[in-house]
């Protein structure tokens with residue numbers, strides 16, 4: 001039993017990583033004033049592109065590269081796709097003054113289609129592809145990396161000049177603009193970096209944590225991350241706590257399956273029910289950045 | 001004659017989206033011309049296929065209304081997906097309870113009740129706690145997904161065909177209006193509901209209250225309108241239409257008249273509704289037209305997969321691109 005409990009805690013830690021990475025990305029974006037509900041889709045794209053890129057390159061570039069390199073290439077590919085989607089979303093949200101929520105919905109829909117289509121088109125299988133061992137990264141690496149990112153992001157947002165600039169764009173873009181800050185550029189860059197992190201969360205799912213790509217691999221984690229952003233009050237360090245709680249319920253659902261106490265359908269509901277309860281319980285004290293989701297226009 | 005700007009917007013959007021789609025197909029090694037030909041022309045040139053496209057469009061009209069009515073109240077209600085599952089579950093439960101023609105009204109009653117219960121959770125959380133409906137509706141969708149899968153694989157499973165639920169009893173089925181097609185009364189019913197919703201939001205007092213609350217809750221309050229009631233009402237109307245969609249997917253879908261165990265015949269309808277609502281600019285009649293277009297795409301996608309080998313899921317890529325372009329185009333109006 002103690003062994004099983006220890007397993008549960010380690011699993012909770014590993015399950016919290018994608019939620020934390022995506023939350024950190026969203027915190028950065030929202031602090032700069034851009035809301036991105038396309039996290040789910042970006043995660044899905046990252047989860048798909050990471051193994052896709054290494055599969056494609058290994059066949060073409062050759063096998064001579066050391067094995068250590070492949071996971072890095074996979075992660076980089078995910079970061080690249082995430083950044084590209086972030087560029088599109090950020091550009092729409094800033095320079096084009098588009099509707100951020102609609103753009104986010106579009107990203108989710110597009111990704112759901114593109115990944116289901118892509119798995120079928122590239123591997124010729126319907127929505128389920130095992131990731132080969134040589135493409136896999138050690139989940140612990142990513143876990144450590146994620147915690148470092150959380151620390152850095154907290155420091156940058158709350159202790160540095162850059163952080164003041166980012167937060168100013170999310171709180172009061174007009175004043176920020178009058179102080180000579182290019183609000184558009186700050187928001188665009190934050191969105192690119194934030195989306196890249198969300199995509200990395202997806203790559204972690206497919207190439208480190210679950211070692212499989214499916215067309216539903218993100219399974220609502222993007223939205224759980226959104227809930228975690230609210231839970232953490234837009235604070236990267238509190239997001240660690242929140243991600244661990246959400247990750248715990250995610251891991252618990254698989255753990256209960258191993259223990260065999262309930263039908264798997266019931267255990268799979270747990271993360272979503274927990275999210276509902278947590279969000280309902282803590283939302284009262286949450287205080288979003290004032291200008292989040294609002295279009296900024298130069299006078 | 002001057003072409004109205006919103007229409008031009010939509011046409012431009014569609015053309016651009018299809019162009020981007022062609023590039024995606026070409027990169028992934030499929031033939032865009034052949035794919036588009038079988039996707040767009042096959043359903044339009046044969047009446048069986050066209051009726052099938054109409055049948056595909058019916059649930060999309062209804063889920064589109066869910067999202068469109070939500071938009072009017074200033075909500076992003078993405079809960080149609082889960083409410084469709086619950087509606088379908090209701091129809092299965094009714095079939096389990098009685099084998100007579102009573103199963104039809106019972107299906108509607110149970111299905112709509114379940115769908116309303118499902119939308120009540122995000123509605124109340126929004127009203128009492130101010131929780132963002134995007135997160136709560138998505139969570140409810142996932143919970144519905146596992147609840148319904150469990151129900152269909154246990155109590156309501158069909159011993160003869162384990163891949164699906166028990167079937168709607170024959171007297172309670174809606175049969176095809178034209179023999180040999182799958183065009184049932186569900187199609188006219190869905191479009192009539194769209195018309196009703198249009199009249200409701202446009203001409204009724206409550207429809208007006210919903211619009212005012214959606215545009216400006218503070219103004220609404222000063223007029224003595226309680227925005228929270230409008231929110232509740234628009235959630236419930238949305239649940240009713242999505243619920244009907246779910247019920248119809250079971251009682252009016254020849255030849256199976258059942259719910260697939262993997263939810264294949266209800267999955268994704270909520271997302272299609274979002275596209276329809278966006279494309280129809282949130283106007284119930286526009287939603288109906290957009291749903292018809294999506295119905296043609298759905299039917300066409302089957303032919304595309306058969307004739308050109310291009311995966312069915314391509315349709316969803318196109319939908320995503322369309323909405324992304326619509327997000328951009330909003331700027332020209334404001």
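The backbone N, Cα and C atoms fix where each Cβ goes, glycine too.
Copied over from TrEMBL, here are the features:
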{"type": "TRANSMEM", "residues": "B:7-27", "note": "transmembrane segment"}
{"type": "TRANSMEM", "residues": "B:47-71", "note": "transmembrane segment"}
{"type": "TRANSMEM", "residues": "B:78-97", "note": "transmembrane segment"}
{"type": "TRANSMEM", "residues": "B:103-125", "note": "transmembrane segment"}
{"type": "TRANSMEM", "residues": "B:137-157", "note": "transmembrane segment"}
{"type": "TRANSMEM", "residues": "B:177-201", "note": "transmembrane segment"}
{"type": "TRANSMEM", "residues": "B:231-251", "note": "transmembrane segment"}
{"type": "TRANSMEM", "residues": "B:271-294", "note": "transmembrane segment"}
{"type": "TRANSMEM", "residues": "B:314-331", "note": "transmembrane segment"}
Interface present between the transmembrane segment (B:78-97) and the transmembrane segment (B:314-331) (three or more C-beta pairs under 8 A): no
Candidate ranges B:7-27, B:78-97, B:177-201, B:231-251 - greatest C-beta contact count to the transmembrane segment (B:271-294) (under 8 angstroms): B:177-201
Outside the transmembrane segment (B:7-27), six or more residues from its ends: residues with CB under 8 Å to it: 35-36, 279, 281, 310, 314, 317-318, 321-322, 325-326, 329, 332
Same-chain residue ranges lying at least 6 outside the transmembrane segment (B:103-125) that approach it to Cβ under 8 Å: 77, 79, 82-84, 86-91, 93-95, 97, 131, 133, 136-137, 140, 144, 168-169, 171-174, 231-232, 235-236, 238-240, 242-244, 246-247, 250-251
For the transmembrane segment (B:47-71), distant same-chain residues with Cβ under 8 A (at least six beyond the ends): 77-81, 83-84, 133, 178, 180-184, 186-187, 189-191, 193-194, 197, 201, 210, 214, 234-235, 237-239, 241-242, 244-246, 248-249, 253, 269-270, 272-278, 280, 282-284, 287-288, 290-292, 294-296, 298-300, 303
